[in-house]
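Annotated compositional bias 'Low complexity' per TrEMBL: 293-306, in sequence order. What TrEMBL records for 27-498 is domain 'Citrate transporter-like'. For 285-321, the entry in TrEMBL reads region 'Disordered'. For 7-27, 33-51, 63-82, 181-204, 357-390, 441-459, 489-512, 532-550, the entry in TrEMBL reads transmembrane segment.
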Amino acid sequence: MAMAAPVKVVLGCIAFGVFWVLAVFPAVPFLPVGRTAGSLLGAMLMVIFRVISPDDAYDAIDLPILGLLFGTMVVSVFLEKADMFEYLGKLLSWKSRGGKDLLFRICIVSAVSSALFTNDTCCVVLTEFILKLARQNNLPPQPFLLALASSSNIGSAATPIGNPQNLVIAVQSGISFGKFLAGLFPAVLVGGLVNAAILLCYFWKLLSADKDEEVASTVGDVVAEVDMTLHRFSPATMSHLTSMNSQEFASAMDSSARSPSLSGEFAHTCSLRCRTNSVDIDAPNASGIESTRASSASREAAEGAGNPQREEGVSSRRVSRSFSSQRCGCRGEEASPQASEPRESSMERWKGRIWKTCVYLGTIGMLISLLMGLNMSWTAITAALAMVVLDFRDARPCLEKVSYSLLIFFCGMFITVDGFNKTGIPSALWDFLEPHSHIDTASGVALLSLVILLLSNVASNVPTVLLLGARIAASAALISPAEETRAWLILAWVSTVAGNLSLLGSAANLIVCEQARRVQHFAYNLSFLGHLRFGVPSTLVVTGIGLLLVRSY
């Protein structure tokens, strides 16, 4: 593609530069509007500067990618509602022995969950739980946070629904879900194990300082049940994470304590405590007390019949007993249907179990449909709507958890990148690199991977895929169709693992960093240099090993 007119090139570079600055540094001091507004601003400038026409801007928006992204986010919301991530949290602490065992579990669980539920979702849900589990067992948080972020990035490379750039690659390339998984699974498996080994070697002394004492599974269960239930989850966000500060967290906890559900649980606990106390007191002499109560009641009735004052005293004592029982939580309206309470609670439990089973089966059905090669976008949307219908209630609370800012970010990014492509600069740069980056030579693969690695950390991985994807595939297609597929898979692998290089390399890293920094009482600051010291060797080693295992089928 020939270079555009100089004025168009300059204006296009200005618009893309605005988008890039706000995408990489969303809180830049002179314009702290965030990534979403930055992408829309870049898109608007492309149209205003006439780098791209309004009709071409609309055509640049890839609806299948947006549909697939929306469907997977809705499915993730319902999986969170069905306590899937609570079970993952319990799996981490179940019979865990020492820091090394816990670190390896985090690597495995985060890699698998990110491949199925996206890496951003995995990091949003598990960061706070992992941090509290490490703190409460006197373990250093840094190894576990790095394990979560890096393993989530590596694991997400396995499937088209693992991260946003894989969604773009799967839709643009037309590679089926099964071929995508088969081509990258060996690299993800070996790369994940190598990354875990690097983490263990890097932090071996730090994790051995506690003599590998057994991690208290009971503490882990408490953290899993309380923190994972109260955690509010917003899936797959690429915008700068905004979490609650201490005062907001305290007010949220107060409001949750005043909520009907938690109040009901408190009243139920109090009533159980009342009943337990009464059983402890009355059990030894139950028959005697019952007979005494009967005789005293008859005696009070007889005396009350002839003595009005006595009758008034009896009634006042009854009121006092009623008031004390209410203060204890044993209200009359709750005590009267005691026989129906277990029946209703058991019915609710069965309804909840059936609904959770339907959500899990729906997710499995979606994955099977994707493996069969059905249209990925409509499969994800169908699974999402099926869960909305099965929920059988107003879907607005669940749909409000969808990150619409991410969808808008993608729309603006599609327009901005397409406008930048029309300037001719990406084509000119590719024409310079293309003779030296043939996919069928080792030196070509190494050079291409290095370019993808650097661009993914400078311009972010999704814009890198949009800029280079079609050009890399067209060059590889001249060799063979199999090499074209392999080129797409190499792009997916390198652009994803590149996120582990630095803290700014992927949204998952930023989510882990920001979540950990804002957790009340357990806050930890994961520094840029602290991440870089581990990220550089891990990224280079894992990327190199994975390139040897990426295959096209």
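Glycine too: its Cβ is placed from the backbone N, Cα and C atoms.
Automatic prediction, not curation, is the source of TrEMBL annotations.
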Discussion item. How about the transmembrane segment (63-82) with the transmembrane segment (489-512) - do they touch, taking at least 3 C-beta pairs under 8 Å (6 or more apart in sequence) as contact?
Written reply: no
Practice prompt. With a Cβ cut-off under 8 Å, give me the same-chain residues at least six positions beyond the ends of the transmembrane segment (33-51) that come close to it.
Written response: 4, 8, 11-12, 14-16, 18-19, 21-23, 26-27, 57, 238-240, 405-406, 408-416, 418-420, 422-423
Worksheet entry | Confidence summary (mean pLDDT) of the domain 'Citrate transporter-like' (27-498) | 76
Item to complete: Report the listed stretch (7-27, 181-204, 532-550) having the maximum count of Cβ pairs within less than 8 Å of the transmembrane segment (489-512).
Response: 532-550
Worksheet, complete the sentence: Long-range Cβ contacts under 8 Å made by the transmembrane segment (532-550), restricted to residues 6 or more beyond its ends, are 146, 150, 154, 183-184, 186-188, 190-191, 194-195, 198-199, 202, 445, 449, 453, 486, 489-490, 493-494, 497-498, 500-503, 505
Worksheet item: Who are the chain neighbours of the transmembrane segment (181-204) in space, where the CB to CB distance is under 8 Å and they lie at least 6 residues beyond its ends?
Response: 100, 103-104, 107-108, 111, 115, 140, 142-143, 146-147, 150-151, 154-155, 157-159, 175, 371, 485-486, 489, 492-493, 497, 500, 534, 537-538, 541-542, 545-547, 549-553
